[in-house]
Amino acid sequence: MAGKDDEDTCYVCKSSRYLNPEMRFLINTECYHKMCSNCVDRIFSYGPGPCPYPGCDKILRKNKFKEQLFDDIGVEKEVDCRARVMKVYNKTEQDFDSLEEYNAYLEEIEDLVFSLVNGVNVSEVEAKLEAQRAVKTEPRQPKKDIGGVPATPFTPFNGDRGANTLIALSDSLHDPLNEKLIDQKEFSASGYVPQVYYRRALFEAFMGICCFIDAEKTRPIETT
Ligand SMILES: [Zn+2]
Ligand SMILES: [Zn+2]
């Protein structure tokens with residue numbers, strides 16, 4: 001059970017969890033070499049220092065150590081790298097003029113994550129992340145439409161704010177109650193117009209109905 005011993009023994013101080021059940025193991029995001037929390041405290045409490053693993057030249061800081069979340073250290077590393085990249089590469093589809101540009105952006109993210117995980121061209125990747133960080137502080141450009149869909153809030157007419165134009169009021173429409181109101185000073189003084197009332201009543205009555213928008217647009221509603 002050599003693997004089990006490795007898991008429960010600190011490589012640096014050789015302490016075993018068998019003797020000290022409270023023992024916690026920590027990893028760092030530089031080289032992912034595992035050591036116990038006592039070693040981290042002892043070696044890095046007074047400032048950054050080199051990793052105690054032979055042949056590892058990484059300079060480590062105490063505040064960069066953390067508990068391992070995944071059993072597989074490869075998965076742990078990929079999740080960390082992805083989180084680092086996504087923190088600055090955080091645009092959404094709406095920030096792009098076309099789907100092709102957005103897909104190219106997503107592909108670039110995958111390439112950067114791959115490079116970081118595998119230690120390929122790391123300085124180049126760091127430079128790109130730094131450049132993105134600088135871009136992020138500039139004021140955001142107004143969002144652009146994709147595929148001709150208007151950038152308006154949702155309405156039952158698929159963002160069509162001109163939905164009122166779907167209704168054509170007929171001159172022959174008569175409503176005795178409204179016609180009586182327009183003769184009263186308290187209504188006419190406020191600028192009350194029956195047509196506005198009709199239009200609004202029709203719009204509110206029909207806006208929630210599941211209708212075929214294209215068909216409705218070509219056939220104005222008769223109000224006789
Ligand atoms: Zn230790
Ligand atoms: Zn190391």
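Note that Cβ sites are derived from N, Cα and C of the backbone, with glycine treated the same way.
Keep in mind that TrEMBL annotations are predicted by a computer and have not been checked by a curator.
As written in TrEMBL, here are the features:
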COMPBIAS  133-146  compositional bias 'Basic and acidic residues'
DOMAIN    7-57  domain 'RING-type'
DOMAIN    60-132  domain 'MAT1 centre'
REGION    133-157  region 'Disordered'
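Restricting the average to the domain 'MAT1 centre' (60-132) gives a pLDDT of 92.
Across the domain 'RING-type' (7-57), DSSP assigns 10 helix, 10 strand, 31 coil.
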